[in-house]
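Worksheet: the structure to be examined is printed underneath.
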Amino acid sequence: MTRLPKLAVFDLDYTLWPFWVDTHVDPPFHKSSDGTVRDRRGQNIQLYPEVPEVLGRLQSLGVPVAAASRTSEIQGANQLLELFDLGKYFIQREIYPGSKVTHFERLHHKTGVPFSQMVFFDDENRNIIDVGRLGVTCIHIRDGMSLQTLTQGLETFAKAQAGL
């Protein structure tokens, strides 16, 4: 059987949704009567299309999920996770400005999962480099999170575990 990570960690901006929550949209957010999520100005807010399936797949595989975001819009990011009904997937959330290394040190401390047993999905190369130095398997996202990217990430993790 393919080895699975003990923790899958996701950035939020340009990984789960196609914007920066602290600059491109205007919190607070709400869910309209038609079920769409909107910002204060009424702008429609959406996830990348396959994000709910990605998180559901990890849940079905028994892989816990965490968030690691450097946004300064902490309340808005958490609000969006709840409005999109994604909060149920996340066992930990590290959402605050600063180095992603700090986010991962706290995730390690809170979960007990070794860095080598984590996989991390992020759109910013600097975060990939910094977190990769900890021994985390890092996957650089280019066009938002998708099932294909998840599959590639899990394969990369399994190969790293096998020493390939």
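Cβ coordinates are placed from backbone N, Cα and C, and glycine is handled just like the others.
Swiss-Prot lists ASP11, ASP13, ASP123 with the feature Mg(2+) binding site. Less than 8 angstroms from the CB of ASP13 (Mg(2+) binding site) sit PHE19, TRP20, VAL21, ASP22, SER69, THR71, ASP123, each of them six or more residues away in the same chain.
DSSP assigns ASP11 (Mg(2+) binding site) to coil in the three-state reduction, placing it in neither a helix nor a strand. Cβ contacts within 10 Å of ASP11 (Mg(2+) binding site), excluding its own Cβ and spanning all protein chains shown: 24. As annotated by Swiss-Prot, active site, nucleophile applies to ASP11.
Among the features that Swiss-Prot reports, phosphate binding site is placed at LEU12, ASP13, SER69, ARG70, LYS100.
The active site, proton donor feature in Swiss-Prot is assigned to ASP13.
Every protein chain shown contributes to the tally, and the Cβ of TRP20 (substrate binding site) ends up with 14 other Cβ atoms within 10 Å. For TRP20, ARG70, the entry in Swiss-Prot reads substrate binding site.
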Counting other CB atoms within 10 A of each CB, which of the binding-site residues ARG70, LYS100 comes out lowest?
ARG70
Out of LEU12, SER69, ASP123, which of the binding-site residues is least crowded by other Cβ atoms within 10 Å?
ASP123
Calculate the distance in Å between the alpha carbons (Cα) of LYS100 (phosphate binding site) and ASP11 (Mg(2+) binding site), and round it to a whole number.
9
